[in-house]
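Taken straight from TrEMBL:
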BINDING   146, 147, 178, 179, 180, 181, 247, 250, 272, 302, 328  pyridoxal 5'-phosphate binding site
COMPBIAS  27-45  compositional bias 'Low complexity'
MOD_RES   273  N6-(pyridoxal phosphate)lysine
REGION    1-56  region 'Disordered'
Ligand SMILES: Cc1ncc(COP(=O)(O)O)c(C=O)c1O
């Protein structure tokens, strides 16, 4: 890779101390073993002729252990690089949904809450999600949106920290967070008598202190695709006596997270991106087993009651992950998600991560080779230890470029004002598609510029 050809954003992409080390959640090689990161290392390699990259794509596709998984999805000739926003439709879903509607709702009606396992679906499906993010059973519950789960998690984290006795009145939030997390953390701070302190995600380990109640951090930045140091940050927040809440929207289903291994307190995430649960699919909440008895939900709905059908006027929280529930679960979306998760049954997240890094490396090389010099700037870190499963390219006319790409059958997305985002989904993205996407992108950039 030539940093000279695809310059990386200097402020945003420079590794900080906390972010540059191996993350522990990583299974892939570190930057030292991966693509060259300096102009010097690039200069030592002959630039391959164009056809060499398409030949290489053929070889990579032939060796791809996950290649057959593509058949588990409904796809067409469009090169779909937006699975980091909305995952593709798994083939198992329409049939399962039809069955749920016709048989479980249509015929069994109210009996399905028991007989079709509707009532316990949030915990049952939570355990399936848990397997993908490194959580042992009984700690993840599915339901509500990520936004709502951020609220539950942050308020509960602050309450746990404050109940420990010490005076803690600060919430740290990743300053480039997806906006909903920031808005909700601000409201949670007001509710709990805290102030909200935005800091760069990489600076959380040094910003955390005796007054920190909780830190809310994104595992992967939604805009740049930067992977943050989950083990190191979690350890630093713990050393200061606080709790950490991770937003896993852009990492679950894309890379190993290791929630239990790294002692994470609470985590939230959505299921409509790399988990392919469908538009508006329910989100999830992880509460580490050790915290469950003290998890004091700010939304103690009847579904999280120890005896929901006792209809008592006083609230007694349920044990376990059910304490994170609120109201009646959205069963149709939830069971669509359950069917979507079947594609993971014979897949390891380590294989997904290895392919994801190979896809993003290959895309960056193709862009570098095909795109006119200086036309785009990569916001995505070159180092594997700092990269999620997307590539973000900055260019001034990104809106027009993405519109034209979409017209030509290459779908990524545009984030204002100037970012092209391309998501790489190991379960269904192939290397030949990646090479073709880069070729179309180069053509569009040459014409639009
Ligand atoms: C990182 C991140 N956090 C939170 C959200 C918000 O999720 P929801 O709209 O499901 O509440 C998103 C949505 O894309 C996201 O990417």
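Cβ coordinates are placed from backbone N, Cα and C, and glycine is handled just like the others.
Residue 328 (pyridoxal 5'-phosphate binding site) falls within neither a helix nor a strand when secondary structure is assigned with DSSP, and so counts as coil. With a cut-off of 6 Å between Cβ and the nearest atom of ligand 1, the recorded positions 247, 272, 273, 328 reduce to 247.
In the three-state DSSP scheme, residue 247 (pyridoxal 5'-phosphate binding site) falls into the strand class. Counting only same-chain residues six or more apart in sequence, the Cβ atoms lying under 8 angstroms from the Cβ of residue 180 (pyridoxal 5'-phosphate binding site) belong to 146, 147, 150. Here the binding-site residues are 146, 328, and the one ringed by the most other CB atoms within 10 angstroms is 146.
Taking every pair among 146, 147, 178, 179, 180, 181, 247, 250, 272, 302, 328, the residues recorded as binding pyridoxal 5'-phosphate, the greatest CA to CA distance is 31 Å.
Cβ-based neighbour count (10 Å, all protein chains) for residue 273 (N6-(pyridoxal phosphate)lysine) stands at 27. Here the binding-site residues are 178, 272; the one with the fewest Cβ atoms within 10 Å of its Cβ is 178. Under the DSSP three-state reduction, residue 273 (N6-(pyridoxal phosphate)lysine) is assigned to coil, being neither helix nor strand. DSSP assigns residue 178 (pyridoxal 5'-phosphate binding site) to coil, not to a helix or a strand.
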